[in-house]
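Trainee: A single structure is presented below for examination.
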Amino acid sequence: MEHSFKTIAAGVVIVVLLLQQAPVLIRATDADPLQDFCVADLDSKVTVNGHACKPASAAGDEFLFSSKIATGGDVNANPNGSNVTELDVAEWPGVNTLGVSMNRVDFAPGGTNPPHVHPRATEVGIVLRGELLVGIIGTLDTGNRYYSKVVRAGETFVIPRGLMHFQFNVGKTEATMVVSFNSQNPGIVFVPLTLFGSNPPIPTPVLVKALRVDAGVVELLKSKFTGGY
């Protein structure tokens, strides 16, 4: 009888602990909307984990539709050889509170979308043309395992939330992909820019120790990112 009571008590404790964690799990994605639409008022000074809503009477049908990613940008406009056309809440106010956004990325031959992280979203993508090497790096839990595949037109990929990843055009022609996120504002952390182009700069001795190189190498790398991406 005593053993049975201890078993039940242990079970109750486990359930209570799981229930305590439930709010944390729920907050792992964008909050659920409380109305059909909440077109973002980008001029409003009120921002509480999102944007204030425009009055329904001020939001026409156009907030449901966008042609922004119908065409891409100049793939030679930056040293990466790629161009990102964003379609997050800042560019498409209609997605406010809906927990979704999209990007189009165009690549020159040999162009890359450098190693980066989306801290607030999982990413799902499809290659529209060309062929892209998609690389994903796991956490220490996986021994920093590197997963990769050449993804061709019509094929898809998924990037788990928060994992470092990149895309690289391995073809001889331009390539294009469209990606979707389960957040209206997925965020992005470019690893090279974060390390060597932060404002203010990360102290050189910190990077010397972390990267196991001399100060000259660190200063050279910092000089490459003074103007951002």
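Using the three backbone atoms N, Cα and C, a Cβ is placed for every residue, glycine included.
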Trainee: Swiss-Prot has His116, His118, Glu123 down as binding Mn(2+); which of His51, His165 does it also list for that site?
Mentor: His165
Trainee: Hey, for the Mn(2+) site built from His116, His118, Glu123, His165, who else sits with CB inside 8 A of the CB center?
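Mentor: The surrounding set, listed in chain order, is Val117, Ile159, Leu163, Met164, Pro186, Ile188.
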Trainee: Residues with Cβ closer than 8 Å to the Cβ of Cys53 (disulfide bond), same chain and 6+ apart in sequence?
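Mentor: Result: Gln35, Cys38, Val39, Ala40, Asp41, Asn96, Thr97.
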Trainee: Report the mean pLDDT of the predicted model across the domain 'Cupin type-1' (67-219), rounded to a whole number.
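Mentor: Mean per-residue confidence for the domain 'Cupin type-1' (67-219): 97 out of 100.
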Trainee: Give the residue from the binding-site residues His116, His118, His165 that has the most other Cβ atoms within 10 Å of its Cβ, counting over every protein chain displayed.
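Mentor: Comparing the binding-site residues His116, His118, His165, the most crowded Cβ belongs to His118.
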